[in-house]
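> As annotated by TrEMBL, active site, acyl-thioester intermediate applies to Cys166. Annotated substrate binding site per TrEMBL: Arg68, Gly69, Gly70, Lys71, Ile72, Thr73, Tyr74, His75, Ser135, Leu136, Gly137, Gly148, Phe149, Ser150, in sequence order. The domain 'BPL/LPL catalytic' feature in TrEMBL is assigned to 29-204. Positions annotated as site 'Lowers pKa of active site Cys' by TrEMBL: Lys132.
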Amino acid sequence: MHIIIRDLGLCSWLSISKAMNDFTKIRNYWTCDELWLTEHYPVFTYGLSEKNITYHYINNIPIFLSNRGGKITYHGPGQLVVYILLNLKRNKIKFRYFINTIENIVIQVLRYFYISAHIKKINREYILITKKICSLGLRIIKGCSLHGFSLNVNMNLIPFQYIHPCGEKNIKMTQIYHYNKNIKIHIIKKILIQKFCKNFKILKYCKYSSQ
């Protein structure tokens, strides 16, 4: 299995969403899989299972509908957002194995930095440690995955207080910075790529950076 890894830096959510959906629309059976690493300017997004959003801003932060699963969440600088664009059908990856592998990757990254983590399934959302540090939202179109997960590294968590993250009313958010103040996001990216390639048995990858 080969893959292209793109480190896109700080980008608007709308531009990445369009690029991701365009990529998925035009890809064919032999298109190389890709992994995108990015951060977003402040934005709220909500998935297809969220039914009660009728407004366009929350405290002057824009809110957009996403075609992923899940409910409302927040993205901002200092949060690593990982888009996983794999052809599951070609690679013979079952959906449940795909989900479990992503969860294991996140846990392994956290444990690498001595952050104890576990998964607790609540209303189809995945909670890491005693507070939520990672959000998962995916979609499969014609056997190919879109979207991925967001990992809080060193960001402003206050906007999460304006919403019920992933539909959970009493959940508290946290981030890697609260457990280790010396970890930088570029180090997280490096370890995440290592764990991703190992878990998905990726033999070769090409990495491109726009930074």
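From the backbone N, Cα and C atoms, a Cβ is placed for every residue, glycine too.
TrEMBL labels come from automatic prediction, so no person has curated them.
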> Work out how many Å separate Ile72 (substrate binding site) and Cys166 (active site, acyl-thioester intermediate) at their Cα atoms, rounded off.
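About 5 Å separate the Cα atoms of these two residues.
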> Whole-number Å distance between the CA of Gly137 (substrate binding site) and the CA of Cys166 (active site, acyl-thioester intermediate)?
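Distance (Cα to Cα, whole Å): 9 Å.
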> Measuring Cα to Cα, how many angstrom lie between Arg68 (substrate binding site) and Cys166 (active site, acyl-thioester intermediate)?
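Counting only the Cα atoms, the answer is 12 Å.
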> Same chain only, sequence gap of 6 or more: which residues have a CB within under 8 Å of the CB of Lys132 (site 'Lowers pKa of active site Cys')?
Pro165, Cys166, Glu168, Ile171, Lys172, Met173, Thr174
> Among Arg68, Gly69, Gly70, Lys71, Ile72, Thr73, Tyr74, His75, Ser135, Leu136, Gly137, Gly148, Phe149, Ser150, which the record lists as binding substrate, how far apart in Å are the two most distant Cα atoms?
16
